[in-house]
Amino acid sequence: MQLEFLGTGAGSPSKQRNVASVALRLLEERNAIWLFDVGEATQHQILNTTIRPRKIEKIFITHLHGDHIFGLPGLLSSRSFQGGTEPLTIYGPVGIKRYVQTSLQVSESRLSYPLHFVEITDDGELFNDHGFRVIARKLDHKIACFGYRIEEADHPGELQVEKLREQKVPSGPIYGQLKAGKTVTLPDGRVLDGHDFIGTPQPGRIIAILGDTRQTKNAILLAQNADVLVHESTFAKDETKMAHNYYHSTSKQAAEIAKKAGVKKLLLNHISARYTGKAAYQLAYQVRNIIPDTRVVNDFDVIDIPFKK
């Protein structure tokens, strides 16, 4: 599981940063890519990665400001042109369906795959297939805006092979049955419960990806005990008033949310073009006294999300 940042800038593209988009790479987990926001030129950014558009299974839009959606029609068309046939689902605020359908109709674009929409009106669960669960909550922005919490299901514990060998259990199909938690009767009459030979389950990973927002309780709820929080940092830590007026956050406010939520790693994105070079990295440096594992992400950064130790 990895996060790959395709655009980390705020408002409009700059030479250093494209506008908002981040890919959650779930190739090992479900052979799929999930995108969060699709700013202008996202498909061009993808050309500089190993992402294949036909692998994109779901797209989650935080809100309908242009820097988060202007790349969507082009990406959808290219996915079709490149041979995509698998269904794709777009989640987002009310209006996302009309925006996409109008863009495709006016441009007379035809897609080679089924396109589904889930328009969000309130907080709640969007998706749950027992492998992953996605929850959306409203944030505090100028227009309807949502954050997303992605929860991976716990992984079953490992089969304790040494314990089986100690009890002289013959290897073979029996091991598979025990690993599945089944009760097995051996040729010598012994009855074994598979649960007695399975280790502690591996907790699933949790990621929170937020859209543009002021500080809000829902941000804490979304990020509660997350392994990674992706939070906007449009303004530096001392620009609290400006952040409030523009419905955005400072780096310090993002770190405070992470601290209250018990987050392990904070990734700051949605960086204003006013912060370049060292000034951008200062956004993270200034708040590491709150969350030590904080970094400002750049376009094309890839962040591994390991299992909890």
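Counting starts with 1 at the first residue shown.
Glycine residues also receive a Cβ, built from the backbone N, Cα and C atoms like all the rest.
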* To do: Among HIS155, HIS270, indicate the single residue that Swiss-Prot lists for the Zn(2+) 2 site containing ASP67, HIS68, ASP212.
  => HIS270
* Structure fact -> Same chain, |i - j| six or more, Cβ under 8 Å of ASP212 (Zn(2+) 1 binding site); the result in sequence order is THR62, HIS63, HIS65, HIS68, LEU139, HIS141, CYS145, GLU232, THR234, TYR247, HIS248, HIS270
* Structure fact -> In the three-state DSSP scheme, HIS65 (Zn(2+) 1 binding site) belongs to coil
* Would you pick out, from the binding-site residues HIS63, HIS65, HIS141, HIS270, the residue whose Cβ has the largest number of other Cβ atoms within 10 Å? => HIS270
* **Shell of the Zn(2+) 2 site beyond ASP67, HIS68, ASP212, HIS270, same chain only (C-beta within 8 angstroms of their C-beta centre)** => ALA10, GLY11, VAL19, ALA20, ASP37, GLY39, THR62, HIS63, HIS65, GLY211, GLU232
